[in-house]
Structures are given as C-alpha cells and as structure tokens.
C-alpha cells in the first residue's frame, strides 16, 4: 500500500540531472542575452528559444529557472512578460519555493553583510500575487524570527514608558523648550533594514496585493508592520488609489470643483478602484483597521474616509453603525491623537461623531481615554501631560496669560482632549480659584473638545473613588461644589451638548441621589439668570411680588444680560430629549425621599439637601413656565389629577406646576367673555373675571374631590394665587424707575462713551422704563379684579355664628390676674423682673444648645442669636457667658465643621461691636439690697451679707468673678479679727434681725402658720446663744495653747473656714440660679407684699447659714485639737499628756452639745414645710 505513495513522492522530488561537464557555458550567456533584450518580448517565442538553448547546450533546467528569476528581478517592470514565461516554463511551485528560499537564506547570513535587494521582494510579491508560490512555504525562510520581532516590540514599549525621563533630561538642558522635543523623531528614521518579512509586505502593498500582505501583517505584533513609515505610506497610497472615484462622489464639493480633482494613476496596482459603498465596506474597511494609530501620516486620507463614512451613515445609519464605531475606536480616534493641532480635521470628525447619540459617543471617548498600549501613543500622552502641567502652572487671572494659555490649551485639545481635560478638572476640584481663568481659556476649543469635556465632567461626577460629602457626611464636599460651579459657567459661555449631562442628572434622581441637583441648579442659574438665594433683602422680596420684568431687574443680585441664546439652548436640549417634565417630577418626588428614605444620613446634610431640592425645583419650574409656550407646557405636563394620584406629588408642588396653566385658562376665558360683551365698564370687567374663575376652577375641584376623597377639600384661592395677585409693589417699581433715570443721567455725563453707544443704551433704558410703567398698570388692574373676587367670596370661608371678639376683649395688655370685673395689671418694676427672667431663660437655653455639640442646635442657635442681636443680650453677664461659649466653638469647630466656625466668628464679631451698649444687671432691673450694720466684720456677718446679696439677686445665673474675689478677700480679713468684736457684731445683727418689720399678710393666716413662725423665732435666739458659748470656749482653748499651736490652729481655722464659706457660696449661687429659672410667686403679688415675703424668706435662710457655720467652726476646732497632738512641744511629757486628756474631755462635751442642735434643725425643717404649704394654699385662694 505504501508503494504508490512513495512513487508519488519521488516523482515530485526527483530531478533529471545533467552532467556539469556536458553543460556549455555559452548556452547560459545566450540565455541571458535573450532575456535581457530591449523592450517587451513574447512569452511563447521566448519559451521556445529557452527550450532550444537547453537542448543545444545541455543546460540544467533549474539553473535556467534561477537565471530567469534573476533577469526578472533586474527587469521587474516587465512582469507582464516574465510571469507568463515562468508559468509556462515551470508550473511546479515547489521548485520556485526552493529557489526563493535559497535566495532569502543567502541574505540571512550576517557574515556576508549584504542587504536583500528590493527586486527580490518584488519578484516574490509578483509570484505570490499570481499564486505561483504559497506564502506559508516562503514565510519560514524569512528573517528575523517571530520571537525576535516580539522582543523588539517589547523593547519599543519599554522605551516608550521611560519617555518621561527622556523628556526631563532634554528639558534639563538650559535653554531647551517643549517645542524642541519631537515625538516623531525616531519614527521618521525607522527603517525596514534587513527585516525580510517587512520588505515582502512592502512589495506586496506596492503591487496592491492586500490579501497576501494582510496575512503577513497578522502574523506580526499588532500594528508592528504599519509602524514603519515605508509600509504605512504604501498602504496609504493603495487606499488613495482604490477610493479615488468614491471620494469625489462624497466630497461634498460642487460639481465644478469636484471635476478638477485628479485621480491616482498608478499602473503598478493589479486591481481597479472601487465605485460602490458595498465594495468600500468589503475591501477598504479591512485596510483601514490595519492602520491603527498610524493613519496620522496622511490627513487628506483621513478627511476622505470621514466624509465617505458620514455619507453612508446619513443614508443608512443602522447598517453601518457598528462597523463605523469599531473603525473609529481602532483607527480614527487613535490616529487623531497623533495629529498636531489640526482644527479643520477636528471639525470634520465632529461632523461624523454628532450623528451618534451621546451614549455611544461617550463610550468611544471612554475607550479613547483608556491607557494606551501602543508605544507612539504612550509617548504622545507623556509629552502632552508634561506640556499641560507646564501651562497650568502659569495660568493666572491676567488677560494676557489667559489668552496665551488658552491658545496652547486649544492646540493640545485638538488631538488629545481626554486625559488633558481629566487633568484640568482635577486641578479645578483642588483649587476653586482656577475656575474663572480656565473657563475663559477654553474659548479656542473645537466642537469635539467641548463634547469630550462634558464626558470628562460626567465621569468626574460619577467617580466612585471620591466622597461627595465631607466631615463624616455632614456637608457637601468642596470638590463637588467647585465642579458644579465650573459646569454652570462653561455651559453658559460655550456651545456644549447638554443631553448627556441632563440624562445623567435624571438617572441620579431615579437612584435617589439628590446631591447632583447642585449641578442642575448651577446650570439653570447661569444659563437663564433665575437665581435662588437664601439671603434676600427686603427690597428684593418686595420686587419678587411684581411682574416678570420687575423680578428680573429688582429681584436678582446680578444684572441679567445675554441669556436669550443660552436659555433657548437649554430649552431645546430638554424638549428634544423629553426631559423637561420628567426632571421636574423626579425632583418633586425626591423632596419627600430625602426626608423619609435617607437612612444613616446626618441630619445636617438632610436639611441641606431638602433646601437645595426645594430651591432647585422652584428655580426649574419658573424656567419652564417662562421659556415654554403655554400650549407646549400644557401638552407636556400631566394633569393635576395625575400629578396628585399617579405621581404622588404633594398639593403644593402639584399646584405650583399647574398654576401657569390655570392662570392662562382664566385669562383666556376672561378675554372671550369681554370680547362678547359690549359693556366695557369696570364692574362688567369684575363680573367677567369672576365668571371666568368659576368656569376654570370648578371642574378642577370636582375632578380632585371625586378621585381622592370627599373630605379632601382644597382651597384653590390659596393654591392658585401668588403675591403678584394680591398687591402691587409700587415702591419697587418706583425704585427701579429711579435707578434707570440715574443711569440715563450718568450716561449723558460720561464723555468716554461714543455718541452711537450712548444713543443705543439710552433707547434701551427708556424702553425699559416704559415697560416697567405699563407692567405696573397691568398688575394694578389684575390685583383689583382679584381683590373684588375675594371680597365677594370671603363670606364662604368661615362658618356662621362664630364670634370670638368677646373672649379677645377680656385679655388686653399685661394682666396678672384674669378676673371678670377688676383685672390686676403688673407694675413697671415687676415687669422689669419678668423681662430679666425671660433674658435669663433665653441665655440658659442658648448656652445649653451651644454646649450640646449637635450641629443643628448650634447652627440654629447662632442664626437666632444673630437675628436677636439688636435686642439680646443687653446685660454684661449674659453677654460674657455667651461669648465664652462662642470662643469654645471657634476653637473646636475650626477644622471639624468650618461652617459653624464661620457662623460663630461672624456672630462673635457683631457681639463685640455692641459691647459698649451692654449694661450691668443693676441697671436692667432694681435689685433689692438688704442693709446691715456698717462695721460688721465677723465671719457670720460676712457670710450673712453674701447670702443676703445672693438671695436678693436670685435671678442672676451666677456671681461674677469680681464679687467672688471680694467675698473671699473679706473672709480672709475677718478671720483675723477679735472674737469679742465678733460677738458684739453678732449680737447687734441679731438685734437688728429681731427688730425687723413683721411682713404684712396677703390674707388672714391660720393658727398653724403663726405657731410655725413663733417656733422659728425661738430657734433663732437659741442658736445665737449657743454660737456665743461655743466661741467663748474656743477662746479659752486658744489661751491654753502654745504660740506655735495657736498659729497652727489659726491657719487651720482660716483654711477650713474659707473652704466652708466657698461651699456655702456655691450652694447659694445654685439656689439663686434654680430660683431664677422657675416662676416666682412674687411676680403675682403687689410690691409691698413682695417686699415682706422676701424679707421673711431671707431671715430664714440667714438662720440656716448661721447654723451651718456653727457646726463647721466646731468641727474645725476639733481638728485643731487633733493637730496639736502631733506638734512638737517644749513642755514635759506629763504636761502634754494632761493637755491631751483635757482636749478629749472638751471634745466629748461638744459632741454631746451637738445632739440637741440636730433636733432643732429637724424641727426647723418641719416648720418651714408647714409655712410653704400655707403659702401655696393662700395663692390658690387668690387665683
């Protein structure tokens, strides 16, 4: 079975050899002479001649074939003669493959140092094209190997990645600029050299054999072959030749000009140019994919390709859409990155890109922005980034700098807009002061660059690596605010496509992310001039109740100009993409979601987002009502019933959106009624308006009530009317007209303005003044009609038989007792006490809020304090307490919450500016100071006076530092006084207390209260006597002690006494604070009764303090005695033992003496409780 196979193989490989000795060399010379004759030759006659020479001179046929190929290599232009000759002479492809392989292998030897002649490549290409040999048989003999080519490609990639170092080294040389660097320098000198594979590809392309050349190109790394300029130019020339007739058809030029275009007439190509779109798709598209980024070598071919693709898409978009997208991703956009500042080509590219929707364009930009893998693209990116960083460092607010930097940015953006704008936006997010200069410098961009800029903005807004909130989710991040501001400014100033950004905002609202509403707010504000401000002046609020012209002129902070085109652009973008009403409804729905579905969000941020959503909704709704025609508005907005029932909007938002339609319908019906009536009087005008309102509003009420519920009654008078319908801001109209007259006067006085400009500006101002006057008259007529309707309908607003005037008439003014006949009014001094109490409670509430640490409480407190600054605080002590909290907030919140720091700093500055107007507490209201004997200097009198002052000033929150210091100083001085004087002063003060006037009773008191008061007086006298006895014993003990022991006792008593006094003072202060924070009975008594009651209460507190001091002094004496045991003494041990025993006996006696004192204190507490209950009973009887 193997014999037939073996015979077949031998028949292919066996050749009949002639003996070299029998060959005559003359035959080879004659053969060369025949093949190299001038001009063309006939292949058939040449073949006969060659056969005759072989037979005559016994020539080797293989050698003859080799000589034929050599002659073909030398006369490659005669391929039409040689190809038939070779085909007829040897139809065995194996022999041809072996001969060519031997030739290529000869030049692979590096020792001979010979380059492959180009003719050999051409011969091989011609044989491949005519299928005389097979590419798979020749390729293994070509050098270098694939592994070596891949190694060279990896070396190119490594070199490209290290290109930044190369740039730095060049720029490090003094005097070198970025213009001296040429990215394409090494590409231009890139040669094929000894690479036989590339040489064969080049020859194949020169003859137009794309089929075989593509097979070779695909065996190499991606775009490695076309990275050599010679191969790229050959492929470009081939494509030019093939698409010549088709490019003339789709050139877009008039026939007169297109007829003058000369076509390529290269006779070397073996195929004809294409003439149909189908052939372009089948033949040219694969060639274009092979270019990759290297189509940048011919901008003319790029222009032709773009125009042909654009025409095909316009006629049949769906058929060619995906192929064109792939071609743009692989070839056109990467090649566009390597063009140097070709703005005309950029506009040609935009004419193709704008045919695609924004989502497909942005997908292309995303692929375009991905980190490149081609060495040349990597180098270009590094060079561009180095240059844009250089430009941004020198960008400033100077006009010359902006102009020069803008031109450089424009040149760079023509070719590499993606990562260039990504870097610029990163700088804007970090430095918000760059927004203005960058916006001004972008005026030299192309349409493609603006579209890529919008893509980069959306990508930055949706970046998952950045937090949209800061400070633990309590506020919006500054980078997001800066980006929103930049968005609004650049979109208003330049012609940028908006659908992509608007759809992004709608998608974010669908996902419940309302932070991005800040972008929409900035866009609407910058493009339409409709502002939203939290801090509006009274004049602006008044102007907002006027007509549209007055609102634009007097209700905004900035002068609105040049917004017609931008407003129209925004309206067209919303209407064309069906986003006008969906955005509005999404915002209305999101307002409720912010409050009820924001789990884990800080309350501060929730409030901020809610306010922002409400402001943006009102701003956007006003824009729609002003820019859309009423018919378009009614057609796009759902009915009121659908808004309430299907979309679940709140009534305020539903009526806010439908109010323009209702007003327009009322106006239309009114005009129809007036046109049908002959009576044009004022009364007829009012009647027609009322009828028009009924016709429009009644169907609305019926539709809403029937669908929702019968109990859902809506007052349409409230929902459908605005401030424009209720009053005419005459002062605002007059104010704006005066401003216009002043501008006209200043215009006449300005000599620098030319007469033509003066005349135009003056005409504009006069027309504006006239329009304001007519608008005021129209609003005046409208308000009269509305008020007439309300006058007629007001009897339907309330039910019958409701009269509350009788109840209201009984409680005028400041009444302390609500009696039927004789109400008791508060006197002036009591009113001042009440005001002091109110100020105290306000101070206490604000301090609690400021110390809470909660953002909302601190912020709201600072806002309210700022509003109350002209009236509160007015007392020094309260202002100082608030100021201490403000300093604490400023220190703690400077880094954590800067907005609170700003509020606190602003209020602190305003508070300090009013410091000169603050008054002490004694001037705010009359303070009752109880007088004591002038020479009282004992501890008891000092403490009594301090207690007395504290109780009389019980409405103050605490003692001032000066009072505390004075009290401590007095205590230290009094502790060194003589005990005898103390006893005398105590006796005098006790006598003065006994002589105190008995307070007048409010009404007849019960016997229980008299008994309790008598018990209190008895206890006071007994406690005073016990205090005198104790002090005498202390004096005797002091005489027995040594000087050292006396000194030690004196120091101990002073320290213990001062600490005890401080404790007493602190307790008295806390009592005063608690007493001032609670309602006082004295506020409801007469002045005399108040004085008597205060005196009684003061006496009882003085007695309590005396008892406490007595107990503390006795305990301090015991401690002194215990201390003397440890002191060294000069006496004998027997005397010290005797003294210790005597001291222990006295201590035992004193402890026994304290027992009845404790019993007396319990009885005093019970007596006070009885007195308090009696007083409360008397107060109840009084009311």
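Cβ from N, Cα, C; glycine included.
Curation plays no part in TrEMBL annotations; they are all automatic predictions.
Now, the feature entries from TrEMBL:
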type: DOMAIN; residues: 14-247; note: domain 'THO complex subunit 2 N-terminal'
type: DOMAIN; residues: 272-399; note: domain 'THO complex subunit 2 N-terminal'
type: DOMAIN; residues: 409-484; note: domain 'THO complex subunitTHOC2 N-terminal'
type: DOMAIN; residues: 717-805; note: domain 'THO complex subunitTHOC2 C-terminal'
type: DOMAIN; residues: 807-911; note: domain 'THO complex subunitTHOC2 C-terminal'
type: REGION; residues: 918-1165; note: region 'Disordered'
type: COMPBIAS; residues: 922-931; note: compositional bias 'Basic and acidic residues'
type: COMPBIAS; residues: 932-958; note: compositional bias 'Low complexity'
type: COMPBIAS; residues: 981-997; note: compositional bias 'Basic and acidic residues'
type: COMPBIAS; residues: 1005-1020; note: compositional bias 'Basic and acidic residues'
type: COMPBIAS; residues: 1021-1031; note: compositional bias 'Polar residues'
type: COMPBIAS; residues: 1032-1041; note: compositional bias 'Basic and acidic residues'
type: COMPBIAS; residues: 1042-1059; note: compositional bias 'Low complexity'
type: COMPBIAS; residues: 1080-1112; note: compositional bias 'Basic and acidic residues'
type: COMPBIAS; residues: 1113-1128; note: compositional bias 'Polar residues'
type: COMPBIAS; residues: 1148-1165; note: compositional bias 'Basic and acidic residues'
Inset, instruction - Write out how many residues of the domain 'THO complex subunit 2 N-terminal' (272-399) are helix, how many strand and how many coil, based on DSSP. - result: 101 helix, 0 strand, 27 coil
Legend entry - DSSP residue counts for the domain 'THO complex subunitTHOC2 C-terminal' (807-911), split into helix, strand and coil: 75 helix, 6 strand, 24 coil
Legend entry - Residues of the domain 'THO complex subunitTHOC2 C-terminal' (717-805) by DSSP state, where helix covers H, G and I: 71 helix, 0 strand, 18 coil
Inset, instruction - For the domain 'THO complex subunitTHOC2 C-terminal' (807-911), would you mind checking the mean pLDDT of the predicted model? - result: 86
